[in-house]
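Q: Just dropping this structure here.
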């Protein structure tokens with residue numbers, strides 16, 4: 001027990017001694033850091049370019065790290081991104097011998113104390129012209145200064161929405177010195193592309209690369225070259241959100257438009273269905289127009305909306321015309337011969353359109369039709385028999401009148417019998433006239449009714465024809481918009 005207590009006592013003494021030594025070292029380094037700082041910045045000025053020879057070019061190494069895409073405003077064509085900007089250069093007046101300062105090789109000081117290159121984002125689209133974040137810089141003994149500063153940038157980006165929502169965008173971030181030309185400050189990109197190792201995944205965009213290219217441009221105002229580094233951010237839109245919220249509802253709604261031709265004409269809902277579908281697509285069209293820039297390039301989904309709305313407008317107009325054909329009554333002209341041959345004979349069989357109560361594969365219906373035809377023939381036969389019987393009775397009446405007249409002249413038969421005979425014959429004549437009038441009315445009614453039925457069948461055949469035509473058009477338009485996705 002005593003040995004264990006002694007060993008723990010020695011260990012604690014050793015730890016206290018080591019902590020005291022480290023504290024002394026740190027205090028010594030802090031002392032040398034203050035001394036170094038006072039000596040370095042005693043006669044230092046951050047207003048001038050830190051080179052010993054004014055004709056010498058100062059090289060600034062630039063590195064961009066993309067951390068997050070905050071927003072992509074397609075309507076205003078502005079990209080908001082969160083970047084880490086690293087700049088490094090050598091200051092000829094901030095060097096020291098680290099052996100004189102107890103091996104102190106670097107210090108961290110506020111960035112506004114040293115000279116900084118005025119590298120800015122050329123295509124900046126922000127109203128705020130504030131200074132960069134005033135973070136510390138790391139100053140090494142050989143004069144190398146490294147300045148890491150976070151920045152939220154808003155840059156202009158030419159947005160091409162021709163294939164929205166299956167589009168890809170390329171946004172440039174161009175960095176360069178605002179006042180120093182290439183003979184004074186030269187910009188060197190440390191990597192061939194931007195750093196994406198710390199990128200936070202975005203819910204709307206996929207990053208497919210960020211290549212960097214150095215450009216040397218001579219502007220019209222100045223004869224000196226101005227170098228810059230352009231980082232091209234390649235973005236691919238994640239289209240799942242727009243497919244399920246904009247495209248798929250439009251496709252489903254557009255498939256309702258041809259079903260308006262399948263509705264019965266007497267339901268009174270054919271035109272209202274087309275108008276309702278047209279209004280629904282108009283709402284989706286306005287939603288797309290609110291997020292798209294007002295440019296000449298109409299997005300792919302916008303073209304689909306316009307084509308679908310045009311198709312629905314045409315289907316509503318055709319529905320109105322077909323309803324007029326359906327409601328043609330007895331006063332209308334008969335169906336033309338070519339329409340009977342083309343529409344009633346051929347197209348009705350192709351589109352399986354039958355008369356009311358008629359079925360394509362029902363033998364019972366056929367038997368009922370045969371019975372109906374037989375019944376009509378029986379009625380006609382009975383009508384002929386009645387007419388022949390009445391005509392025979394009429395002949396008998398005429399014969400009786402003649403005989404009675406002869407008998408009256410020759411034998412003087414009673415006048416009452418003659419009067420009864422004449423009244424009976426006149427009743428038969430009146431009955432025949434009434435039956436013939438009723439038969440003519442029934443015949444005309446059947447002819448007019450058959451004329452209306454023919455027009456209704458023509459309208460029904462045209463409904464089926466346009467229904468399949470518009471179904472095919474909607475299907476091919478839907479396939480076309482998906483097939484055009486790059």
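Note that Cβ sites are derived from N, Cα and C of the backbone, with glycine treated the same way.
The structure displayed is predicted, hence computed values, not measured ones.
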Q: Pick from 193-216, 217-240, 241-264: which stretch is listed in TrEMBL under transmembrane segment?
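A: It is 241-264 that TrEMBL describes as transmembrane segment.
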Q: Which stretch, out of 106-127, 128-149, 150-171, 304-325, is listed as transmembrane segment by TrEMBL?
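A: My reading of TrEMBL: the transmembrane segment range is 304-325.
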Q: Give residue numbers and ranges for long-range contacts of the transmembrane segment (304-325): same chain, 6 or more residues beyond its ends, CB-CB under 8 A.
A: 247, 250, 254, 257-258, 260-261, 265, 270-271, 274-275, 277-278, 281-282, 284-285, 288, 298, 455, 458-459, 462-463, 466, 470, 473-474, 477-478, 481
